[in-house]
Structures are given as C-alpha cells and as structure tokens.
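Here the structure comes first, spelled out in structure tokens, and everything after it is commentary.
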Amino acid sequence: MALRITPVTLQSERYRSFSFPKKANLRSPKFAMASTLGSSTPKVDNAKKPFQPPREVHVQVTHSMPPQKIEIFKSIEGWAEQNILVHLKPVEKCWQAQDFLPDPASEGFDEQVKELRARAKEIPDDYFVVLVGDMITEEALPTYQTMLNTLDGVRDETGASLTPWAVWTRAWTAEENRHGDLLHTYLYLSGRVDMRQIQKTIQYLIGSGMDPRTENSPYLGFIYTSFQERATFVSHGNTARHAKDHGDVKLAQICGTIASDEKRHETAYTKIVEKLFEIDPDGTVLAFADMMRKKISMPAHLMYDGRDDNLFEHFSAVAQRLGVYTAKDYADILEFLVGRWKVADLTGLSGEGRKAQDYVCGLPPRIRRLEERAQGRAKEGPVVPFSWIFDRQVKL
C-alpha cells in the first residue's frame, strides 16, 4: 500500500540503511506484502516487453546458503513429517469453491445469481479494486510454487518427490489453488468487474514472475513465507470485515474462510523457522535481519494490466486507505514474528548475530515512528481509473 512519506534515512551499524520514499510501496499480501520501506534498487527498465511491465532491476544472488547447511534440512525431514504435514487438511475434508457459490446444476441457479448480484451492487468500487487485486495475486499461484522449488535442500527434485518438503509444497499449492478459484468465480458472477482486463492482468503477472530475493536459501524463503502468510491472513480478514459492513454476509464468509486457511499455513511456516532458530540461532537471526533489510516484497509487485505501469502501487494505495493492509500491519507482523520466535531472548550469538538481533528487535517501533510522521504529512490522494472496473475512477 502506498503512503506519501518524506524521505528519511536511518543508519544501523554495519547494516545497509533503509529509507522511506515520498510514496512508499507497501506491498499487499502474497500479496503477497511489502513494507513502507522503499526499494534499495531504484533502477527501472522501462523498455516495453510483450509479456511483462517495466520492472526494478537489481543484482540477483543465487545459492547463497553454504552447502553444508543443506544437511540441516535433510536431518529434520522426520520432524517436518510429524510437525508440518499435520497442518494440511485431507482433500475430502477441505472446502471447495462450489460450497460458497450458486449451484449451476440447480433449478434455482438463476435466482441465486440474481441475489449475489443484488448484494454486489451495494459494495463500492474501491472495495472491488482491493478484492480484485487480492484475487489476481492468488491466481499467480504457479509463480509461488516455482519460488518454493528454487530453495536448496527442500525443493521437489522430481515433481512427485516423497520428501515432506516436497509433499508440503504440492499440497500447500493445491489448498491455495481454491482461493483464486473461489474469488475468480465470485467476481465473474458479480457483474461488477471487467473480467477480460482481470484475466489479462493475471497472465501478465504469471509471465513476469517474482524475485523475493531469497537467494535459493530456505532460511530466507521460510522467513519470507512466514511473513507473507500472516500478511495474507490479515488482508483477507479485513476484506471479510468490510464485506460484512457493506451487508454481504456471504462474501464475508468467503473472505473469512480464505483467511482461516492462510492462518493455518502461517502456523506451519513459522514452526519451520522456529525449528531453525532452535538448531542454528546465529544463522537464522542473520537471515531474518537480511530479509528485513531487503524488505518483504509482495509477490504481485509486477502486477500490470497492459495500461497502467503503476498498477500495483495504485491498488496498494486503495488497500492502505481502506485499512485492508497498512504500514501499521507491516510493523505489527514483524513484531509478532520477533515475539513468536523469541528473537530478543536469543543467547550465545556471534557479534554479527547480536547486531542482527538488535536490528530486527528495534525495527517495528522505528517503522511505526516513521509511519506516524508520514500520516501527519499525508495529503489527499488523487483519483485514478482502474481497468478492472471499466475505467471507473477511485480515490487513492
């Protein structure tokens, strides 16, 4: 989400400085989500390409984890099977999109669709912008499975590997796939949005990929997914609350059900990182600090509809204004993870580890202070057209 923020730079000893730009990009979940922190890689390639938008350019680092640490992940496969796979649900016990939608085989289908559309008419355009942005991000699921399979030591080496890491990745993907299916079909039936523009945006986004800067490291990767799943839980929970406020209890149920899945997935990913802190506290706190210095970028930050080069920033600004995902949420999530992993209580760290510990523990209040200053200076945002809603204009 976007805030108008005066540039401020804070220095942390031996750590890269971070700065808040005039208009920060607070990536919205799995949006994935980013912080109010500005990008440390300002270069932009503006050359138009047939299947991807202009994008930030930075040096891509690969395979940064020392090879010997791969053994850590092999050594805890038994633990993962017992403690991580339990957070998956058997398919026969999972909800499916059809459970929440008009039944096309029913004689009452037409009437059910009319009722859905009548409820949707009462919901404002800005809410639909956020709901569409969330759905598009969910629909880029092929990218997220690909990202998990870049991680050394835990990737699915065959496409049908029986290691618990590979089983988790495939089953997690299968569970997540229902989210996009459900939201996509709801939006199609609502009649409120331009489905062709939305579908183009999805194709552009999948074609563009993502680079969360996890460097093939499962340390960085699982810290990233821990943050993202909690951010998604927050975002879908807030869209549920707004839907209820607008009188659409069934849409609120849809968003709340998706949020519940995200919470369960968050639990699994945070348990993995908790285990890494137990086995390798120094390496894990260094990875945590590294990920936070680079900022948590949203998987959908390359969102593009063929028209608006700043589509993600515009979508994020609307979500920020509505309170669906905000700078405060970013700080709250970071503070939650610091507490969940008991980072402040770590002992026996190296000198670099202690500095990383101080950095991540001190970051949430620093973000909040800067956000409060930014809110004090915030100006009323402009209105921009969104192709997703037939170019109707929405205030940022």
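Note that Cβ sites are derived from N, Cα and C of the backbone, with glycine treated the same way.
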Candidate sharing the Fe cation 1 site with Glu176, His179, Glu262 (per Swiss-Prot), from Glu122, Glu138, Glu139, Glu313: Glu138
Matching residue for the Fe cation 2 site, where Swiss-Prot names Glu176, Glu262, His265 - out of Glu157, Glu229, Glu274, Glu278: Glu229
Neighbour-count leader, CB within 10 A, binding-site residues: Glu138, Glu176: Glu138
Binding-site residues (His179, His265), the one with most neighbouring Cβ atoms at 10 Å: His179
Collapsed DSSP category at Glu262 (Fe cation 1 binding site): helix
Closest of Glu138, Glu176, His179 to His265 (Fe cation 2 binding site), Cα positions, binding-site residues only: Glu176
